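For reference, the structure discussed in these notes is given below.
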Amino acid sequence: MEEMFKEQDFWSFNESSRNSTVGNETFGGNQTVNPLKRNEEVAKVEVTVLALVLFLALAGNLCVLIAIYTAKHTQSRMYYLMKHLSIADLVVAVFQVLPQLIWDITFRFYGPDFLCRLVKYLQTVGMFASTYMLVLMSIDRCIAICQPLRSLHKRKDRCYVIVSWALSLVFSVPQVYIFSLREIGNGVYDCWGDFVQPWGAKAYITWISLTIYIIPVAILGGCYGLISFKIWQNFKRKTKKDQCITLTTAASKANALARVSSVKLVSKAKITTVKMTFVIVLAYIVCWTPFFFVQMWSAWDPEAPREAMPFIISMLLASLNSCCNPWIYMFFAGHLFHDLKQSLLCCSTLYLKSSQCRCDQEHDSRKSNCSTYVIKSTSSQRSITQSSIT
């Protein structure tokens with residue numbers, strides 16, 4: 001049984017201390033970790049944080065999708081990629097954060113082996129998809145700034161997005177074979193990983209870190225290096241143009257200034273999207289760097305303090321990335337949420353007006369019925385009076 005515990009490595013995408021421990025192994029000389037127990041105080045903090053992250057991720061990304069759907073001008077590539085990044089973040093929230101939250105509450109995985117493998121598979125699909133959509137956004141902004149005359153066709157955009165989702169689905173397949181429902185104690189079962197010893201866990205975690213973090217971050221760095229260089233070149237050219245404009249005549253000066261101002265407006269629009277994508281990338285790096293640092297450390301160092309609080313915090317910090325992006329969208333593309341707010345206000349106003357019209361119609365119909373009844377009763381009374389007189 002002890003050998004089976006040693007097969008379970010830190011790469012289970014579970015922030016709980018129960019899954020980040022290796023049974024009956026001693027870390028730091030005299031610290032023995034028992035996989036059948038957990039720190040209840042830490043578990044309560046994890047449950048609270050994950051519940052908050054789940055709520056913010058669901059609410060924020062659903063608002064982004066609704067705003068993009070209801071907006072008038074959302075045919076650009078940027079909005080298309082934003083939509084798929086929000087979908088990927090929703091996948092992370094529903095299939096990674098939510099199962100982890102339930103798992104932290106129940107302490108053990110209660111479900112069949114098929115569900116264990118499915119949960120582990122879907123947990124990585126969202127991570128791959130979110131990362132690759134972010135890479136696509138950065139490449140798109142790099143092309144828009146460095147080669148503005150080159151226009152990616154909408155079909156190519158769709159092909160790139162489909163390829164990203166396909167790679168996410170394929171790269172997550174090893175999770176199905178690594179994790180299964182296993183007995184970790186006398187009659188105690190949990191969703192546990194089985195790596196080939198002694199190199200299996202190291203190879204797998206290194207490969208995951210390369211495909212989700214190291215290679216994408218290198219691509220992102222290259223894209224923003226080119227973008228920064230191109231913006232610097234553009235700034236120098238505009239400065240020279242402004243100096244040349246001051247030497248022209250007054251008549252041509254107005255026309256030239258109008259042309260330059262229009263160019264500046266286009267550049268500002270592009271630079272705004274570049275800033276937004278850069279902040280999204282920065283948030284991704286801040287949230288995921290501690291996570292992958294911890295993963296690599298725990299894989300290559302058998303004496304890594306897996307139950308130390310910095311390890312737990314780094315795991316929880318990774319979950320925050322799925323709820324950061326909507327707030328970044330709101331800051332840089334506030335008109336989307338303003339349009340959504342206006343649409344909701346218009347819908348509520350129309351609903352109130354329609355309900356008021358229905359009430360007025362019902363009131364008018366009741367009033368007409370009452371007047372008809374009064375007329376009928378009055379005419380009947382007159383007929384009775386006339387008959388009595390006669």
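These residue numbers are counts, starting from 1, taken along the chain as shown.
Any Cβ shown, glycine's included, is placed from N, Cα and C.
For the recorded site, C116 (disulfide bond), the DSSP three-state label reads helix. The Cβ neighbour count for C116 (disulfide bond), using a 10 Å radius over every protein chain in view, is 20. Residues or ranges marked as disulfide bond by Swiss-Prot: C116-C191.
The N-linked glycosylation site annotation in Swiss-Prot covers N14 (among others), and the record cites sequence analysis as its basis.
What Swiss-Prot records for N19 (among others) is N-linked glycosylation site.
According to Swiss-Prot, the N-linked glycosylation site annotation covers N24 (among others).
Residues annotated as N-linked glycosylation site in Swiss-Prot: N30 (among others).
Swiss-Prot lists 1-48 (among others) with the feature topological domain 'Extracellular'.
According to Swiss-Prot, the topological domain 'Cytoplasmic' annotation covers 70-86 (among others). The predicted model assigns the topological domain 'Cytoplasmic' (70-86) a mean pLDDT of 77.
Same-chain residues lying 6 or more positions outside the topological domain 'Extracellular' (108-124) and placing a CB less than 8 Å from one of its CB atoms are 12-13, 91, 95-96, 99-100, 171-173, 175-176, 178-181, 188-191, 208. Residues or ranges marked as topological domain 'Extracellular' in Swiss-Prot: 108-124 (among others).
Positions annotated as topological domain 'Cytoplasmic' by Swiss-Prot: 146-160 (among others).
Per Swiss-Prot, the feature topological domain 'Extracellular' maps to 182-206 (among others); the stated evidence is sequence analysis.
According to Swiss-Prot, the topological domain 'Cytoplasmic' annotation covers 228-276 (among others).
What Swiss-Prot records for 298-311 (among others) is topological domain 'Extracellular'.
The topological domain 'Cytoplasmic' annotation in Swiss-Prot covers 333-390 (among others), and the record cites sequence analysis as its basis.
Packing against the transmembrane segment (49-69) from elsewhere in the chain are residues 15, 79, 82-83, 86-87, 89-90, 92-94, 97-98, 100-101, 104, 316, 319-320, 322-323, 325-327, 329, 336-337, 339-340: each is 6 or more residues past its ends and has a CB under 8 Å from a CB in it. Among the features that Swiss-Prot reports, transmembrane segment is placed at 49-69 (among others), with the record citing sequence analysis.
The transmembrane segment feature in Swiss-Prot is assigned to 87-107 (among others); the stated evidence is sequence analysis.
Taken from Swiss-Prot, the feature transmembrane segment applies to 125-145 (among others), supported by sequence analysis.
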List, by number or range, the same-chain residues at least 6 past the transmembrane segment (161-181) whose CB is under 8 A from its CB atoms?
12, 80-81, 84, 109, 111-113, 116-118, 120-126, 128-129, 132-133, 135-136, 189-195, 204, 211
Residues in the topological domain 'Extracellular' (182-206) grouped by DSSP into helix, strand and remaining coil
7 helix, 10 strand, 8 coil
Measure the Cβ-based neighbour count of C191 (disulfide bond), defined as the other Cβ atoms within 10 Å of its Cβ.
24
Criterion met for the transmembrane segment (87-107) and the transmembrane segment (207-227) (at least three Cβ pairs under 8 Å):
no
